[in-house]
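Asks: What follows is a single structure, and I will ask about it in a moment.
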Amino acid sequence: MNCFQEKQFLRENLLKMPFRMVLTGGSGSGKTIYLLSLFSTLVKKYKHIFLFTPVYNPDYDGYIWPNHINFVSSQESLEYNLIRTKSNIEKCITVAQNHKKSAHFLLIFDDVGDKLSKCNTLIEFLNFGRHLNTSIILLCQTYRHVPILGRANITHFCSFNISISDAENMLRSMPVKGKRKDILNMLNMIQTVRSNNRLAIIIEDSVFCEGELRICTDTADKDVIEQKLNIDILVNQYSHMKKNLNTILESTKTKLCNSDQSSSSKNVSS
């Protein structure tokens, strides 16, 4: 008998300790929009959020300060930017400690592809980032892009309508509570019964699951889906660009407006 239960994912649990999360699913599966839904929770603790991505993605406008976005089009640029970021994190932690405060950091890697598996600094972050108060989120289309040497330290595996074989391969290294066969059966059952293409199915490691045999589910927030800006998300993050907040928000609103008009035009013409 399968003893696993389906439960609503408690986002606040991500604030308890550093985590390493993988969001896996095909293009358009809802990975990014779900990640953005987590921001209102994450910014309560993580004041320094950095994005690494090969190309500009307008979805992040209004969520991450522009000077914290790193465009990494090659293996070398990813390694270089991560080394610089690590150095800045270490300096920031030293300053915070001198003032008897703590600083927490979040690194997000979106669609970086196979460059992830070859990045030594990323593997260091996955294995030892918790000692630098740093959490990691990887958005991948396939589990193959998750570095093999870092899979044993993944704390949250979020799947978006992926194949059971992909889930099985990912879970081989991840430390989980209970039998992996039961987890996969429950995962398959949820995907079959709850045919929501944007449903996030979250498997936690043996620490974050709080001793329970559970698989969590969650969905993106309505406000995020409707592209409603939440100013507090940027305000709660640290950046030297805060003085330019109004300009950044106006630019974001204009882009969203143009995007809506473009979508409306396409609908009319079709």
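Along the chain as shown, the residues are counted starting at 1.
Note: Cβ is positioned from N, Cα and C throughout, glycine not excepted.
Worth saying up front: this structure is predicted, and the values here are computed from it rather than measured.
Marked as ATP binding site by Swiss-Prot: G25, G26, S27, G28, S29, G30, K31, T32.
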Asks: Looking only at DSSP and grouping its letters into three states, which state does G25 (ATP binding site) belong to?
Replies: strand
Asks: Fewest other Cβ atoms within 10 Å: which of the binding-site residues S27, S29, T32 wins that one? Let me know.
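Replies: So among S27, S29, T32, the binding-site residues given, the one with the fewest Cβ atoms within 10 Å is S27.
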Asks: When you measure from the Cβ of G25 (ATP binding site), how many other Cβ atoms are you left with inside 10 Å?
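Replies: A 10 Å sphere around the Cβ of G25 (ATP binding site) contains 24 other Cβ atoms.
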Asks: Fewest other Cβ atoms within 10 Å: which of the binding-site residues G26, G28, G30 wins that one? Let me know.
Replies: G28
Asks: Based on DSSP, name the secondary structure state of G30 (ATP binding site): helix, strand or coil.
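Replies: Its secondary structure by DSSP: coil.
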